[in-house]
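One structure is given below, encoded as structure tokens.
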Amino acid sequence: MLITDIINQASSQLREAGIETPEHDAKLLLAEAAGVELRDVDRALLMGEELGTTGQLAVFRAMLDRRAKREPLQYITGHAPFRYLDLKVGPGVFIPRPETETVVQAGLDWLTKNGMIHPCVVDLCAGSGAIGLSVVSEVPGSQVWAVELSPNTAEWTRRNLSETAKKYPSIASNYHLEIADATSFATLAQLDGTVDIVITNPPYVPQTDIPEQPEVRDWDPELALYGGSMDGTLIPERIIERACRLLKPGGVLVMEHDVTQGDRLVAFARATGFAAASTGQDWTGRDRYLFAVS
């Protein structure tokens, strides 16, 4: 069967299942099953060629059925891109989002602007390790301390540390993972008053705002989604309190939050003891993260 027919049929199946980007998802899954790049699929489509062995096409159809049931694309392929990393993901770990790349960039820009050498960085609510592993691989000499509450999720963090260290061997001794409650004052207490920057993407979804997308609602771990209160700010506020003790004078907290929470969290940060606090925007112009100076 020509690849054009394969993609057309697959796109139709995904479209009927309510997938927003059926053709893209079909092409990406075929590339994954056939062990080629997405551009190879596009080229085969352009040239009207065949692609994939019988066995590979069987794998593709199985992946397609999973996607039609609204399983996240990244869980099916087993990995998710984040900045310069390709992170392993699967059921039980939060899939890193593009908007979090903006949060990381804000932190890295601050480190660069202030000429930080060998900065001490903390990633609270580490999940897949996206934030901390990005920092430790992009900022030479940085020491990153990551905290994750779930032992199961921490296994994904360790996997991604192992994979990232293959590309950046020096980071193995610069990344430290603790399985603990990120909001507890006992967690990383030995670092209190010494941290240059805390970059974090805590659970913040309001309990009144259950996600409509099945990929999020039915698959992302609830522990990584909901902020512990009706408006979703309970856990973010506890993270602010913890970060305030961790940071040295002049240190910075960069924390992702819901688009509805900016003003409240800025006010809370100032009331907690931060000298300055403001809201940063993501690439769509929406209020997306707190930037607070100790």
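Positions of Cβ are set from backbone N, Cα and C atoms, glycine also.
Quantities reported herein were computed from a predicted structural model and do not represent experimental measurements.
What Swiss-Prot annotates here:
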- Glu148, Asn201: S-adenosyl-L-methionine binding site (BINDING)
- Asn201, Pro202, Pro203, Tyr204: substrate binding site (BINDING)
Report summary line: Taking only the CA atoms, the spacing between Glu148 (S-adenosyl-L-methionine binding site) and Tyr204 (substrate binding site), expressed in whole angstrom, is 15
Query - Neighbourhood of Tyr204 (substrate binding site), C-beta criterion under 8 angstroms, separation at least six - result: Gly227, Gly232, Thr233, Ile235, Pro236, Glu256, His257, Asp258, Gln261
Report task. Starting from the substrate site formed by Asn201, Pro202, Pro203, Tyr204, give every other residue of that chain whose CB sits within 8 Å of the mean position of their CB atoms, in sequence order. Result -> Cys125, Thr200, Val205, Ala224, Gly227, Ile235, Pro236, Ile239, Met255, Glu256, His257
Report summary line: Cβ contacts within 10 Å for Asn201 (S-adenosyl-L-methionine binding site), all chains included, total 26
Report summary line: Same chain, |i - j| six or more, Cβ under 8 Å of Pro202 (substrate binding site); the result in sequence order is Leu124, Cys125, Ala182, Gly227, Ile235, Pro236, Ile239, Met255, Glu256
Requested in this report: Specify the count of other C-beta atoms within 10 Å of the C-beta of Glu148 (S-adenosyl-L-methionine binding site).
Outcome: 28
Report summary line: Long-range Cβ list for Pro203 (substrate binding site), cut-off under 8 Å, min separation 6+ in sequence, same chain only, gives Cys125, Leu223, Ala224, Leu225, Tyr226, Gly227, Gly228, Gly232, Ile235
